[in-house]
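Engineer: One structure is given below, represented as structure tokens, and several questions about it will come after.
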């Protein structure tokens, strides 16, 4: 975020909001003494021989409070992000205290049908979901529900595992550790971290679930599915049209799920990997505690203490969230039973210190004619033009990149351009259109290769209902959620290449190829449509056979005839869009009624 371009008219002082959430007792804890009491939804009370305290927080949630009720307290800050304010929502607490449940949700493994259960969630309708969807999917839902035309959204997802940063949206089979850099204009960023352009909440949720599946987890004493890394799911929001003052708004939403602290049990047998994880997590959380403590004391004392941001990757990345220009909300998750009293007391002390931190926040804006912004847009547009031209000529990505290097001299000439606000807006629109065209070309080339394989066996011999069923099971529709196209694809290959962006070591925006999977919601909806169409066609075929046996002629007009279930027509049915299916189903049902009559 460009620190030199902050909107001073929006300046305001804001304390970090701290919410304490008490999880319910686990099955193995039933019968243990509960040492936490909540008072007026503002206070946490502990009365025990070793710990006696009563502390006030912004809000306290007991085990009965639903996810939907909790989200109401942070939803206003999501709307602030659309006004240019940076926002951070994070969960802190010991392992097994419910952090991942708070941030992601629960029970999503049933919808994904995966063998290893992760603690995220699958959302069909957040309006009726009260218990499962966490703060991250609810944030995505709220953001896109309130998003107006003229906004662009990009998302990234990283994890910090053993003090190394990994991109959760890239191929996790060949992980590559990424480096942190700092720019005078845009602050701290992660080199090579991919940012995906997302146009709707389904794309965003699909990427969230991909990253959550790639996250490191391990079974521990406190938790069967303990997260062993810190994660940050980030949404970048940019306006494409300048306001009356010629300013473009830019903001970010950091959604952070911290790994949980855990005591080292010398009597428990641990692998070296587990022990290293535990030490790394505890060390980074200790650094986070130091940062919070020093920031809290600096708000009261004239003599300022140094802030050890650089001692940990997580505090370095969250530097702006903890002591900078960000509206920050922290969920401190605690366990209610006496066994965890020491960890609970430490978490509550952390929460109290965090609540004492006050930040100066203001909206982020950039002058639309800012020369650095113009240069980046011109360079990226020129690069995308070259990609499009080379893609049309059938060149691969290596050839494209090689040829692009030869035109950098021309980019240097364009750096001297002096453009108006309207011209910059047109550049941004041209940039977006070319990205979409490139994605379309890439997906169409994938579609053509798949469809040609299917049509090799095309014959006019009719399929039986069982053969048609086999055909549906072998190939199924895949919704390319980035551009709305349909392809015939094997279920194990439900993904398509798209162009993603990232920052290089010199803080210059570059692009490369990434991929997106089909949206689960889209696939399920299309599956229902195809199933209904198949049912109607089978019913019509049966009715026609009965009419033929009884010597009756079909009274259907020519354009209402039933499509024969040949291999060719099977491909045709599979390759129809959802809208075509919706418009054709009523006609088939009318034909069904006519035959019955």
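Cβ atoms here come from the backbone N, Cα and C positions, even for glycine.
Per TrEMBL, the features are:
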- 15-357: domain 'Kinesin motor' (DOMAIN)
- 93, 94, 95, 96, 97, 98, 99, 100: ATP binding site (BINDING)
- 436-461: region 'Disordered' (REGION)
- 442-453: compositional bias 'Low complexity' (COMPBIAS)
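Situate these features within the shown structure.
Structural biologist: A helical conformation is recorded for residue 99 (ATP binding site) in the three-state DSSP classification. Taking the Cβ of residue 99 (ATP binding site) as centre and 10 Å as the limit, one finds 29 other Cβ atoms among all the protein chains shown.
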Engineer: Using a 10 Å radius around each Cβ and counting other Cβ atoms from all shown chains, which of the binding-site residues 93, 96, 98 yields the largest count?
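Structural biologist: Of 93, 96, 98, the one with the most crowded Cβ is 93.
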Engineer: Under DSSP, is residue 93 (ATP binding site) helix, strand or coil?
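Structural biologist: The residue in question, residue 93 (ATP binding site), is strand (DSSP, three-state).
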